[in-house]
Amino acid sequence: MSIGHTLLGLLESGPRHGYDLKRTFDEKFGQDRPLHYGQVYSTMSRLLKNGLVEVDGVESEGGPERKRYAITDAGITDVSHWLAQPEKPEPYLQSTLYTKVVLALLTGRSAADLLDTQRSAHLRMMRVLTDRKRQGDLADQLICDHALFHLEADLRWLELTSARLDQLAKVVAP
Amino acid sequence: MIPEGSLLAAHDLRKTYGSTPALDGASFSVHPGEVVAVMGPSGSGKSTLLHCLAGIITPDSGTITYAGRELSAMSDAERSALRRSDFGFVFQFGQLVPELTCVENVALPLRLNGVRRRAAERTALEWMERLEVDDLGTKRPGEVSGGQGQRVAVARALAGSPKVIFADEPTGALDSLNGERVMQLLTEAARSANVAVVLVTHEARVAAYSDRDVTVRDGRARDMEHAV
Amino acid sequence: MTLLEEKRPVAPPRPAALPRGAVTLRDLGLGIRFAAAGGREGWIRTLLTAVGVGLGVALLLLASSVPHLLDERNAREQARSETRISAFSDANAPKSDSSVLRINTTTEYHDRTVAGYLMRPDGSTPALPPGIDRMPAPNTMVVSPALRELLDEPGNELLRERLPYRITGTIGDAGLRSPGELLYYAGSDTLTTSNGGHRIAGYGDNRQGDPLPPLLIVLVIMVCVVLLAPVAIFIATAVRFGGDRRDRRLAALRLVGADIRSTRRIAAGEALFGALLGLLFGLAFFLVGRQFVGAVEIWDVSAFPADLAPDLRLATLIAVAVPLTAVLVTLVAMRSVVIEPLGVVRRGRERGRRLWWRLPVPLAGLAVLALWGRVEEYAPVNPFPITAGAVLVLFGLALLLPWLVEACVNRLRGGPVPWQLATRRLQLSSGAASRAVSGVTVAVAGAIALQMLFASMNADFNRMTGADPTRAQFAGYSEDVTGEAATAAIEQFRATKGVEVVIGSVAAYASKPGDYAEDEVPPTTALTVGTCETLRELARIGACEDGDTFVAHPPGDKDMTAWIDETARKGEEVEIGYGDKVMRWTLPADALTVQGRKDPMGEIHYGIMATTGAIDAGKVPGATITTQIRVDRSVPDVAEHLRNTAARIDPGMRFVTIESVERNRQYASIQTGLQVGASAVLLLIALSMLVAQLEQLRERKRLLSVLVAFGTRRSTLGWSVLWQTAVPVVLGLVVAVAGGLGLGATLVHLIEKEVSDWWLFWPMAGVGGALILLVTLLSLPPLWRMMRPDGLRTE
């Protein structure tokens, strides 16, 4: 995820302090991974340098100095470009799991057990996400569903692989 | 052999159709109020396991214990009576009696148990409200959508105040949005009423509504929690 | 890429649009192909239809061969009757080399008639009845195959004893009315005209048989209508067997591009094929079935296979009408469903069935009957208004039924679970149920109307004989009066096992002697000779000694009393007998005058009554012996023992069972026909209901499994099946009873009789009820089989 573009996008609704930006970001997108302040300020300084934001004012009453940032026209154009550009679909061609399965087969360990264990781990995660989805709001549900669908895809792959283990064994360890 | 505190437990079930074994030493248990998903590829024996657990079919060998009673020792009539009083069922499709209205369908298990019509339909309507389909009361199953029909079926499974609900691919015929909603309503209602659910599904997202999952492969059930 | 494109198969050129007729033919052909090669399901459906239609066609063919059957029977019957030489049936033919003396020795054995003749040829080339090639020698007989079989069976010693003749031959088919007929011709060397023999010149009665009386024609028409109407309905139902599955198949065709018209034509093609196959089946059933008709004898009816030849015109009509009906019924049935590519939509019946066009049909039928159907007792009958009226009434009832079922069922609410399941099911689709039941309705309504007609004709056909079976149950009449015959006969009867009382008397005529002009009638009265005991049964006689004579007056008949007194003048002579053999006898002056009474046969006796000591019975000319016998009914086979005694005394003795009702034989055979036909028709209907029921169950296999999973009791579903059959059948019976009573009352009114019994419908209603039970019971085993969890396994 491009943090720079996200922060720019948040600024489009009006100038904000760095602290505000972090809080809004966390609230909307960052339940899993909150931003560090350092991340915010380093990103903002890069954006400043590129002329996509400008400092709208500085406040320093009763605490550290706080800059207020505002988006520039160039920044707005940049956000538009970013949104218009489709994300490149992830091909997931390099998978640790696949490597593990092949290695297990090569070394004569039980690939089926490995897959079952993985399935179980995936399902546990899905259960957690489902639970969170049940208690959360619509935003939670959408985010969790996104993850759930990916996990489900993995699971389907696991199932398919389990069913084809014999075939695979013949190919990798003839 | 029987896990401590379990409501329904099966041990070493075997069942053969013709020469193909459907169950080959499967074991299983569920606690009161627990939602257990039974997963596995098609043809693995999931449905056979569910039918054995519910006493719809009898295994060739093995024991099934429900609340301290041995199921395979019961007569057909006793098992039928047990299903009427203690079990509820949700299937994938074709389970609502097409000529009865939705509320009559929901009231059916109660009526089979001898509850009078008015009382049964009152209870039925309460459950339908719970599952957000109380507006379908006088409609026939042919006139409602798949998702609504499935909720009616869930309401029916719950209406008889069972101890265990057996759900065989309850969302199999539904799109994911409707499927999720049905699962959410089913598990919520079951948890709040302390009803155990045995949920047969091949969809991981549906299974994720469970507390625990069991995988059936080649007629054998593996409890994944305890296997790890 | 180019590689791929090159590999793409070349699309065949689009065929030019076919002309309309060709399209129709193509679709019909497609339908026939589906029916013939539609896999297992298609075959089952086609087979069901074909068997159903076939059964109906076989019945129709059977009905259409009835005229031929009757003609043939009649022809054989006439061919073996004696050639009449004068209008008087008792006139003897002149003696010749070919003439034959014979006497009818027909007897009854265990409720079956054993027809027979004793024959004595006058010369060397006696005339022979058809079926035999030489005259049986004295004390031998030729028998029909059925009689031979009966005589060979163990347990029929009594019959063998009665027919003590050696069997020397078999009567051929040409001499038999039907294969089951019991008939024998025995030879005699003692038969004379004076002991009852009747001289005939030959065989072959070429006079026209009596035409059926008008009332019987009405009855025959009604029997045909009543029996054939349900068959027509049954065929129409059979064409719709498996319709739901067919509709789904057609939906699949719609998906690949067939239009609605095409699907209709394809369905018509399927129905056509089923019906044509049904015609073949029907022909096969008929041909096979008629081979057994000879062997199976139901209610004394049997026929030679060759007699069952369908009338060519009727057979052609069947061959054309059945496929046509099949196609029409299918097209009409398809009007209520819309076959969409993704499934079948039953056109909603939001407005429900309407009464306004249904009710006028049966009413019109009644009107036709009332306006044009009047039957004069002695005028020729016009069969058309009666047929049309009856058909309109009966089919009108079939039309009323679906409306009534729907109207009633829609008002049903609640009730126990089985009842709820059944009524809700009927509410959703009562059409199928009504269709199956309409056959029952028509059959039962028709049968009720017929029975009322029968009952009201009782006065004509069932003569109350006035006999009193408590005083005597058997009577014999013999003309073989010799000296001791009367006494001997009485003694022999008395000695027979189980006999309690024998009233034997010798009866003759007595008249006032004198010379009378050609047109003058001499005063005449009866002379009865018997013991005191016998005479007491015939008149109110107090003190009586052998040698006494009485003059009995009929009570309450002054004319006859005067006539008797004119003949029987005490102390004067009377002339006994008539013709050349006359005897004079003086009526004693001390004869007492008494009142006559009814004898056990119901006849009032009067005239001169003399004890055996007063006159020598053996010398009385032209006398007959009358024996009336009272028996102990509890003695087994008492009737057969008595008949044997009678045959021993005189094989030509008329020996009858006294019953209070004597039945006209034609009437009896029509009633028999109705019984046979109604049983066959009701069985057919039960079959079609069963098929519909099983089809429905099969479609609900999965649902049944789900209900079993719930723990539904078998009895719950069993009861629901029962109710589902019972509700429409009961409604159908209500319609049938109402309609049948209406039609019956109208018909009875038409023949100017009174309705004698309004409660005759009970037996038919009972049969309808039995039908419910039968169908339910027969559908239970498949229901139990389908109530297994197999249906739960996901397809």
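A Cβ is built for glycine as well, from the same backbone N, Cα and C atoms used for every other residue.
All TrEMBL annotations are machine predictions without curation.
Only residues 6 or more beyond the boundaries of the transmembrane segment (C:43-63), in the same chain, are considered here, and those with a CB under 8 A from a CB of the stretch are 35-36, 224, 227-228, 231-232, 234-235, 237-239, 241-242, 245-246, 270-271, 273-275, 277-286, 289-290, 308, 310, 314-315, 318, 322, 326, 680-681, 684, 687-688, 691. For C:43-63 (among others), the entry in TrEMBL reads transmembrane segment.
Look at TrEMBL and you will find C:215-239 (among others) tagged as transmembrane segment.
The domain 'ABC3 transporter permease C-terminal' feature in TrEMBL is assigned to C:222-335 (among others). Broken down by DSSP into helix, strand and coil, the domain 'ABC3 transporter permease C-terminal' (C:222-335) contains 91 helix, 2 strand, 21 coil.
Long-range contacts of the transmembrane segment (C:271-292) within the same chain, counting only residues at least 6 positions beyond its ends with a Cβ under 8 Å from a Cβ of the stretch, are 28, 31-32, 35-36, 45-46, 49-58, 60-62, 235, 238-239, 303, 305, 308, 310, 318-319, 322-323, 325-327, 329-330. Annotation source TrEMBL lists transmembrane segment at C:271-292 (among others).
Outside the transmembrane segment (C:312-334), and at least 6 residues removed from its termini, the chain residues within Cβ reach (under 8 Å) are 53, 56-57, 60-61, 63-64, 232, 235-236, 239-240, 243, 263-264, 267-268, 270-272, 274-276, 278-279, 282. Marked as transmembrane segment by TrEMBL: C:312-334 (among others).
Annotated transmembrane segment per TrEMBL: C:355-372 (among others), in sequence order.
Residues 218, 221-222, 225-226, 229, 233, 353-355, 358-369, 371-373, 375, 426, 430-431, 433-435, 437-439, 441-442, 445-446, 449, 727-728, 731-732, 734-736, 739, 742-743, 746-747, 750 of the same chain, all 6+ positions outside the transmembrane segment (C:384-405), place their C-beta atoms under 8 angstroms from a C-beta of that stretch. The annotation transmembrane segment is assigned in TrEMBL to C:384-405 (among others).
Per TrEMBL, transmembrane segment is recorded for C:432-454 (among others).
If you look up TrEMBL, you'll see C:673-691 (among others) marked as transmembrane segment.
Residues annotated as domain 'ABC3 transporter permease C-terminal' in TrEMBL: C:680-788 (among others).
If you look up TrEMBL, you'll see C:729-751 (among others) marked as transmembrane segment.
According to TrEMBL, the transmembrane segment annotation covers C:758-780 (among others). Long-range Cβ contacts of the transmembrane segment (C:758-780) within its own chain (Cβ-Cβ under 8 Å, at least 6 residues beyond either end) map to 440, 444, 447-448, 451-452, 455, 678, 682, 685-686, 689-690, 693-694, 697, 718, 721-722, 725-726, 729-730, 732-733, 736-737, 740-741.
When the stretches C:215-239, C:432-454, C:729-751 are ranked by Cβ pairs under 8 Å to the transmembrane segment (C:355-372), first place goes to C:729-751. Long-range contacts of the transmembrane segment (C:729-751) within its own chain (CB-CB distance under 8 A, at least 6 residues past either end) are made by residues 215, 218, 222, 362, 365-366, 369-370, 373-375, 377, 386, 389-390, 393-394, 396-397, 400-401, 404-405, 408, 434, 437-438, 440-453, 456-457, 758, 761, 764-765, 768-769, 771-772. Away from its own ends, the transmembrane segment (C:215-239) comes close to residues 48-49, 51-53, 55-57, 59-60, 63, 271, 274-275, 278, 322, 325-326, 329-330, 375, 377, 381, 383, 386-387, 390-391, 394-395, 398, 435-436, 438-440, 442-443, 446-447, 449-450, 453-454, 457, 460, 666-667, 670, 673-674, 677-678, 681, 684-685, 688, 692, 747, 750-751 of its chain (Cβ-Cβ under 8 Å, at least six residues beyond either end).
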